[in-house]
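Report on the structure given below.
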Amino acid sequence: PEVKKFMTWDYVVFAALFLVSASIGVFFAVKERKKKTSKEFLVGGKQMTCGPIAFSLTSSFMSAVTVLGTPSEVYRYGASFVLFFLSYTLVIIFTAELFLPVFYRSGITSTYEYLELRFNKIVRLAATLIYILQTILYTGIVVYAPSLALNQVTGFDLWGSVAATGIVCTFYCTLGGLRAVVWTDAFQMIVMVAGFVTVLIRGTSLNGGSTKVWEDAHEGSRLNIFDFDVDPLRRHTFWTIVIGGTFTWLGLYGVNQSTIQRCISCKSEKHAKLALYLNLLGLWTVLVCAVFCGLVMYSYYKSCDPWTAGFISAPDQLMPYFVMDIFSSMPGVPGLFVACAFSGTLSTVAASINALATVTFEDLVKKCFPNLSEKMSTWISKGLCIFYGVLCTSMAAAASLLGGVVQASLSIHGMCGGPMLGLFTLGIVFPCANWKGALGGLLAGISLAFWAGTGSFIYPAPPTKSIPLQLSTLNCTLANTTEALITAAPTVAPERPLLADTWYSLSYLYFSAIGSMGCAITGLLISLITGTSKGEDIPPVLIKPVCNLFCFWSKRLKIFLWCGVQHDSLEMDFEKKLPKVAGNKTRTDNSFENNTNKENNHQIPGYNPEENSYTN
């Protein structure tokens, strides 16, 4: 049970990978130092290709939370987590075909800029504040997770490493530039997969081969993947993962500033879509690696669970403990794994801090102080980076109280991302929604999601709904924590409110669906009551006519469902928006009238359109 420590070669490997990551950032920071426009800084001048963007997306959202949390989930609850591959597929299809085209064609830099174009400034401000809250909470978890790994495998002080992570990330984000972040992410994605594959090969060989691992997992009920129970209170079933997981990750991918900012930095919409579909392959790869690592870990510890035995203090320490156990005779490899968990997080947190500073400055500071000088703007931006760096690091303390890192991070994304998903769906899919409905729906969605999420944190679900699978300590020499484990077992409060076993016990994956649907339904009702938007006043590029898929047989029905939005006259609208030059004024102004006259002439008997004449 003694925890191994880092050796010299582990520090060398860890430092080398960290140095390469930082060097990529420094290289692009120096290379791009003369490009000071916000467009170059925020979206890379819209010259990025699909490859690095795909790697960057995968690396950013599959950081230490996945490396540490997913194998632990599979180890304790079984391989049903692999069903997320269906959720990821649906999410990427919806993002690439529904949300991305609207954002890309709108020519925006921030997703919240769309809300001002579609609704008004109040809706944009409300969404910006919610995004700031969501990102601070999530970044706190991402800072805490790798520090936990370092604490377990190296003996570093936990809170010392939390502070170090925050300081390094705050410094790194000042190097700036989307290009630096994207290429660093691409490198760290390779490191992450390499770390997983190394653990899989070594663990499988120690357990006697993949067949033995599969047999042990089957005997331990870890392969009961397809559970079609429709009970929404069950933690993980087929329906909670596929439906709830799709809503949760769609809020994270489809309308999240960090994702969309990367996609619209591509040189074309085709490259942006291709980046998302390539990223799907990356998501599948990391998910499969993480799930199999969990099964290999269970096979190795099936008769001596280190968590139940008290050798580690939290389930999320299982993976680093396992790595130090199987690689104790191979110096350097544990350093590779910790770099795998730590370096990806470094980039994710730095990007989050940078995005927070950018959103705060663009949407809040510049609105209040529009006449700031360039020098003062730079100093304020750097000050915001430092402020958010300190704030996100402080949030790591709260993350330690939230339980498993996977459930905590997905709960936060569900509670904040769900209502945001509902808000953007209102704007993009429903042309009849007005700004009052959007604002009212957003408040209703946030209230419902936080009500359910906070209630589930205060009153956890009954053990029958989320109990881990059987773990054995038969061959362990138990530590002195057995008594503490026994006394801590009855955690259910003696008095539970009426909603504790129903509403508060919902699976954490449904928080996003509750917030999203609550926002959309409330927004539509308020819009109908207060008077719907006039479709003629909404630029067609801001609306995605989804009804065209279902009403392809009837043009009249399609036009009715467009609610007045002129989707069939995009070219005409574009011409009207062009500046009127004296030379072509007559052609532009009279184009619609001439076209109409031509159409009417076609209907007059005897008219010959080729010769512009009539036959008597």
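Using N, Cα and C of the backbone, Cβ positions are placed for all residues, glycine too.
Not measured: the values here are computed from a predicted model.
Feature list (source: TrEMBL):
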TRANSMEM  12-30  transmembrane segment
TRANSMEM  50-69  transmembrane segment
TRANSMEM  81-104  transmembrane segment
TRANSMEM  125-146  transmembrane segment
TRANSMEM  158-175  transmembrane segment
TRANSMEM  182-201  transmembrane segment
TRANSMEM  236-255  transmembrane segment
TRANSMEM  276-301  transmembrane segment
TRANSMEM  385-406  transmembrane segment
TRANSMEM  412-430  transmembrane segment
TRANSMEM  437-459  transmembrane segment
TRANSMEM  508-529  transmembrane segment
REGION    585-616  region 'Disordered'
Looking at the transmembrane segment (437-459) and the transmembrane segment (50-69), are there 3+ C-beta pairs under 8 A, with each pair at least 6 apart in sequence?
no
Output the single range from 12-30, 81-104, 508-529 maximising the number of Cβ pairs under 8 Å to the transmembrane segment (182-201).
12-30
Cβ-based contact of the transmembrane segment (412-430) with the transmembrane segment (50-69), 3 or more pairs under 8 Å:
no
Answer with yes or no whether the transmembrane segment (50-69) touches the transmembrane segment (276-301) by the criterion of at least three Cβ pairs under 8 A, sequence separation 6 or more.
yes
